[in-house]
Each structure stands twice: as C-alpha cells, then as structure tokens.
Amino acid sequence: MTRERLFNALLLAGLVLVPLAAQAADEPFTITLATRAVILALAAVGLNIALGLGGLVSLGHAAFFGIGGYAMGILASHAQSYAPLAEWPILIEGTKSMPVIWLVAILASGLAALVIGALSLRTSGVYFIMITLAFGQMFFFFTISWAAYGGEDGLSIYVRNGFPGLNTLAPLPFYGLCLVLLCAALWLFDRLAKSPFGLALGAARQVPARVAAVGLDPTRLRLVAFVISGAITGLAGALFADLNRFVSPAMLSWQMSGEIMVLVILGGVGRLFGPVAGAVVYVTLEHLLGGITEFWHIFLGLILLGIVLFARGGIVGLVAGRGGGHD
Amino acid sequence: MSPILIIEQVLNGLQFGVMLFLMAAGLTLIFGVMGLINLAHGSLYMVGAFAAAGVAAATGSFLMALVAAMAAAALAGALVELAVIRRLYDKDHLDQVLATFALILIFSEGTRWLFGSFPLFLDIPDALAGPVTLPGGIQYPLYRLVLIGAGLAVAALLGLLIGRTRLGIRIRAGENDREMIAALGVDISKLYTLVFALGAALAGLAGALVGAIQSVQVGMGEPVLILAFVVIVIGGIGSIRGALVGALLVGLTDTLGGIFLPELFKLVMAPAAATSAGASLASMSIYILMGAVLIWRPTGLFGARA
C-alpha cells in the first residue's frame, strides 16, 4: 500500500467516523461542518476532472455550482407554493424529491457546461481562464436580475427536500447521502482517470499535437471532460443549497469559483483525494481561524501563496511525495 | 426615446469605456510583456481609490489625490512584483491565477482591516462639478466629460510611450524575445518591475477617477477586473489598440443595452415583462458580445493569429 493510498484510506475513515462520534457526543454542528466539507469536496472533485485530468483551468465553475443550486431552489419553491412550473405544453410541477432534483441539476449544469465549453474550448491557455471567468459572471448577473426567483435576495426553502426512506431533516442521514454521492464521484474519477478516455485526455493535456496525430480530437476529449466536470459540480450545488435551505447569486460569484479551485490546489491537482483533503482542511481552517479573527482570509491568502511558491502538489503531494499527480 | 437621451447614453458608454481601457491597458501590457495573468489588478485599482480618498480628505486637493493614487498603486505594484510576482513568470497559468487570487484576499482583507467595511467618499472637485451645456442644448456632467478626455489623453500618451520612446522599444522587444534583449544588455528584471508599476499606476488612476462618481469600498476592483478581462479577450491579448477598441465596445454595449433592450422588448411584450426580460438580457449583453467575437475570431479582434 503506497503512502497516498494509506492517506486516502485514513481520510475516508475519518469522514465516516468523525460524524458518527459527533452524533454520539450530541454535537450536530460538527456534522453540519462535515456535511459542508463533503459537499465542497464533491464540487472540487468535479473541477478536478477538468483541471487535474484535462488541464483546463476553469475559473467559472461557480456557474455550474449555482445552476445546481437554482435547480433545487426553483423546483422546491414551486413545490412549496403549489404553483406549477409550466402548464403549457405539458404540466410540470415542482418537486421536493431529492433524486429528481439531483437529476435536473446534473442535466442543467451539464447542458450549461456543454455550451460554455464548446465556446471556451475554441481558445486555450490564458484566454480560456478569462473566458470561463466571464461566462461565470454572465450567469451571476443573470440570477441577480432574475426577479421571479428572488433576484439579488435569493430563494429560501423552508423544509429540506426528501429522499425515499430517509429522514433528511436529521443531520446524520443527510450527511450520509452526501458522503455516498462523494464516494460515487470519486469512484467515477478513478475509473475515468484509468479508462482509455482518461489516458487520451491526459495525453491531450501533455502533447495535444500527438493526440491529434493518432486520430483523436483533443477538443472533443476536453469538451466531454468539461461537461462531466460541470455536471458533478452542479450536483454538489444542489446539495449545498439543500444544506443551507437557501440559494442566492452568491453561489455563482467569481469568489466561489476561486474557492472551488483553491480546494483542488490545496489538496493536490489531479490526485484522487486531493479535493477531499483540500475541502476538509479549508472548512477546518475557516472554522478555527474564523473564530479567532474575522479577517481570516488574510491567512488563507498567505497559506495559498506559500503553497504556490513552495509546496507544489498540495497536501496529498506533501504526504505522498511526487508521482501519481502532476504539476 | 429622444435624441438627447441617446446622446447622453452614448457619452456615458464612452466614459465607462475609457475607464475600462485604463484597467485593460495595464493588464494587456503585463500579459504581453511578462506572460502573466494578474487577477490582483483589481486590487491595485482599489488601492488607488483608497489612496485618493485618504489624501483628498487630508489635503482637500483633487489633483494631489490623483497623484497619490497613481503613486500608491505604482508602489504597491512594484512591491508585489518584487516580493511575489517575479517568482511566477516561469510558472504555469494555474499557479499565477492562484497566487494572484491569494493576493486579492490579502489586499481586500487588509484594506477592510485598515479602513473598515464602510465605503469612503471622494468628492468631485468644485471646478469640475455641475453640468455643462453641449451643442444642441444637452445638459451633461462636466466631470464625466473630463473623464472621457483624460482617458483618451492617457491612451494617446501610452501610444506615444510604446511607439516612440526608448522604454517603449524595450517593452516591445521584451514582448517578442526576452532572451535576446537580456543578451543586449537590458536589465530585464528592472524592466519587468517598471512595466508592472506602470500598469498598476494606470489601474490606480482609474480607481481614483471612478471613485469620485462611485463609492470607494473593498471589493470595488473585481467587477471592473472581470470586465477588463472581457475587454482584452475581445481586443486580443497584448494589443493596446485592441484594448481601446474592446473597452469602447464593452462600455457602449453595456450602457446602451441597459437602456434600449427593455424599450425594444416593450414593442413586443407587456411592459413589466419587457422590463425584466430586457434587464436580464442587458446584464448578459457584453458576454454575448464576447461569445460572438470568439466564434468569429478566437484570438480577439487585434490578437496575433494562432
């Protein structure tokens, strides 16, 4: 067992045991913090597919996160006001059922990723960064001006959505759902990375010309990766909105994109458990430093600078040494 | 919809555009010469605005405030370049994005810590306050006209600097081949610091000029930064001329879209629905413009062909 696998196993064990211990000690707030970490990790696993496997520096993933959030907000708000979403040409009702909401979130954010990706992937490098950032802003401003769903104030949902057979109002079952989805996404990431598609994608990141020379289309590979990436981040957005029972344009702000990217880098780009380690450390820092000073972002900034300048490879890279991930 | 309103809005769009140009010019210069994507450029804009507000409150002189804004932003830019940025030139864009994102966090929270969360106010000097009457009887704020003039003057000066001076020659040479000009005896790291400080000073100037018509607060830089990105994507990265054309296009599209799209929608829709649909579309209009330019020319209007 390599050090990285040992680290991953320990991390996963911690994610299972800490909330159980918190439940036993009757500290629901710790479970809520852990839920936040797991959901952010899921969003970052999504970005890691584009960033780590595909080498696509997307600074607009908050758009997908927010689209997932609004998918939940819109469906649930229609269900809570008993107003159908559309009556013509077919009757569409709102819903409070999580599986349906997740499916809609995945489809909507995947579709948005398809459109944004198809346009943005016409360019590369620094253009790609700026364009994804700009498209993210476009969705941000759209939600602000979208008065029907709360505009700048956002949407509140009074009761958390339901999942067949589970009491999602209690912290622990909802945490369990989020953790299962995170594990599914990690499994998908691992399978993708080892599949012929993932290998071709990695090759397209390193030497696009050779990939094109053997008859594969690098742009198409990247687009598929971008769509899967956006869809997973969208799913995380729906869960995040459900956790807070609130969705607002802040979920689509460019700072959110930056934060999701920070999680990936903090943990280790391209590493399977990098986003998970990043999210756990981020949420812990936010909680600890945030308790000491309201200016904790200064310290976050300094830590980030330190990582970029001196500790490439992030936390997993520090623990496991080089190899496995990539720069 | 009267012609007077249209002319006013065109002037507003121009004013917005030239201010965007000041931001975009620095960004595109820094990218062109050093190959660096600098997210912290908006922080330098904020530094300029805060310095101007502070000096204006202390001395009461708007001119002093402008000088202080440029000096403070240039100084902050030079310090950041020496401490952090120069370690990033050889790294990939992801590292640059992350490190400059970290700088934003440090600048924003640092400013909030020093000045508090409440916005400061920077007053328009008395000599420039009030409206003027343009030919055709249009009343328009003098200060905004001065902004248009100042922005265009800076654009002209920058054009002269790049095109006609020895420093400009070095900057252009640095864009083309940094090893060669280093071999010819130019101190390349000093040149980089200088270019970064120049870009920062332009951002600081923009922050101070705009600070007088908006409030000066933490986080004021980032929306402008992102619009400046849109500008240089449209204009072509590294091209000053592209930045000017892109900035004016974005400024005009944003301002005119916000006014005319709701009116246009009212022709075919109920007024309330038209207002909200028009406002939504208007807020997206510059990004749609960007998408259209990209489909047509992926490297921007004046960018090098890939």
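For all residues, glycine too, the Cβ spot is worked out from N, Cα and C.
These features come from TrEMBL:
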SIGNAL    A:1-24  signal peptide
TRANSMEM  A:34-55  transmembrane segment
TRANSMEM  A:62-80  transmembrane segment
TRANSMEM  A:100-119  transmembrane segment
TRANSMEM  A:126-149  transmembrane segment
TRANSMEM  A:169-189  transmembrane segment
TRANSMEM  A:223-240  transmembrane segment
TRANSMEM  A:260-283  transmembrane segment
TRANSMEM  A:295-320  transmembrane segment
Requested in this report: Determine whether the transmembrane segment (A:100-119) and the transmembrane segment (A:295-320) share at least three Cβ pairs under 8 Å, counting only pairs 6 or more apart in sequence.
Outcome: no
Query raised in the report: Same-chain Cβ contacts of the transmembrane segment (A:260-283) under 8 Å, 6 or more residues past its ends?
Result: 4, 7-8, 11-12, 14-15, 33, 36-38, 40-41, 43-45, 47-48, 51-53, 57-59, 61-62, 65, 182, 186, 189-190, 193, 233, 300, 303-304, 307-308, 313-317, 320, 324-327
Query - Leading contact stretch, A:34-55, A:62-80, A:295-320 vs the transmembrane segment (A:223-240) - CB distance under 8 Å - result: A:34-55
Report summary line: Comparing A:34-55, A:62-80, A:169-189 for Cβ pairs under 8 Å with the transmembrane segment (A:126-149), the winner is A:62-80
Query raised in the report: Top stretch among A:62-80, A:169-189, A:295-320 for CB pairs under 8 A with the transmembrane segment (A:34-55)?
Result: A:169-189
Query raised in the report: Near the transmembrane segment (A:295-320), which same-chain residues lie under 8 Å Cβ to Cβ, leaving out any that are not at least 6 residues past its ends?
Result: 2-4, 7, 262, 265-269, 271, 273-274, 277-278, 281, 285-286, 289, 327
